[in-house]
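As given in Swiss-Prot:
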{"type": "BINDING", "residues": "Arg17, Arg68, Thr99, Lys160, Arg262, Leu263, Arg264", "note": "GTP binding site"}
{"type": "BINDING", "residues": "Cys24, Cys28, Cys31", "note": "[4Fe-4S] cluster 1 binding site"}
{"type": "BINDING", "residues": "Tyr30, Gly72, Ser123, Met194", "note": "S-adenosyl-L-methionine binding site"}
{"type": "BINDING", "residues": "Cys257, Cys260, Cys274", "note": "[4Fe-4S] cluster 2 binding site"}
{"type": "DOMAIN", "residues": "8-234", "note": "domain 'Radical SAM core'"}
Amino acid sequence: MASQLTDVFARKFYYLRLSITDVCNFRCTYCLPDGYKPSGVTNKGFLTVDEIRRVTRAFASLGTEKVRLTGGEPSLRRDFTDIIAAVRENDAIRQIAVTTNGYRLERDVANWRDAGLTGINVSVDSLDARQFHAITGQDKFNQVMAGIDAAFEAGFEKVKVNTVLMRDVNHHQLDTFLNWIQHRPIQLRFIELMETGEGSELFRKHHISGQVLRDELLRRGWIHQLRQRSDGPAQVFCHPDYAGEIGLIMPYEKDFCATCNRLRVSSIGKLHLCLFGEGGVNLRDLLEGDTQQQALEARISAALREKKQTHFLHQNNTGITQNLSYIGG
């Protein structure tokens, strides 16, 4: 099914990133270094299972093929398995993924798969337990590693691992990461550090271009693969001697936004056209019952007329995004 969600730059949107909470129990230096602080979410709190069912139904009707559940830490919601099942009700949605810190992976991943989850991204910024603790504020490295093993045991053929690339922290550890994925079907995705409203100082200190790793991978014989239409923004590389893959997400690269295929809905029901963008379009008043789906679809489609051509990060724009937990990075 071709996506009906098309913007004025002829980009088609097949991929929804749906935040279901902004609460997180980790204190990652690049996201929530001081820990989670409630952002004043009052009124109805975070989206309910029924509201999630309605908003994903609308996106599915408009051609969305992939939904990623984000946060915060999605698995902190007690009804997380029910949320997966609610999204799974949409036959048009072929992929349901989660981005998680891995805290509850070992315990719950089999149940998530049974509910309909098809993909997992786990955040691991270092393979050194002490450095992992320093970055995340949690001494959970072994627990997260056990969770990744549990995901394979539960039947996931591949696990994606997200690593925020930081100068003088982990950028020099490529060989360690490559050894880890040589015999494991892990897609290791290095993500360039992005500047947010609260993270300007960290950005200036630790940002390094992913181009450095890209050049090194090509020098070592890694091969760039083609993207599918519902894939995320990573440039993916493979090598015949490795079971795993490497992905590079480089938002500061020229033309990064030209292939944008994803929209975001926050945990309080606002449609965000860009991670670094405007205040969002409220959808929640149309999620109260099943009778408003046509109006909901119309509002989503109309909002796309306002999507900008680029995120303007090159002009030092950080938008309203104070930290990445707010609308699910």
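Glycine too: its Cβ is placed from the backbone N, Cα and C atoms.
Distances between the Cα of Arg262 (GTP binding site) and those of the binding-site residues Cys28, Tyr30, Ser123 are shortest for Ser123.
The secondary structure of Thr99 (GTP binding site), as reduced to three states from DSSP, is extended strand. Mean pLDDT of the predicted structure over the domain 'Radical SAM core' (8-234): 93.
Separation of the C-alpha atoms of Arg264 (GTP binding site) and Cys257 ([4Fe-4S] cluster 2 binding site): 15 Å, rounded to the nearest whole number.
Reported as a whole number, the C-alpha separation between Cys31 ([4Fe-4S] cluster 1 binding site) and Gly72 (S-adenosyl-L-methionine binding site) equals 10 Å.
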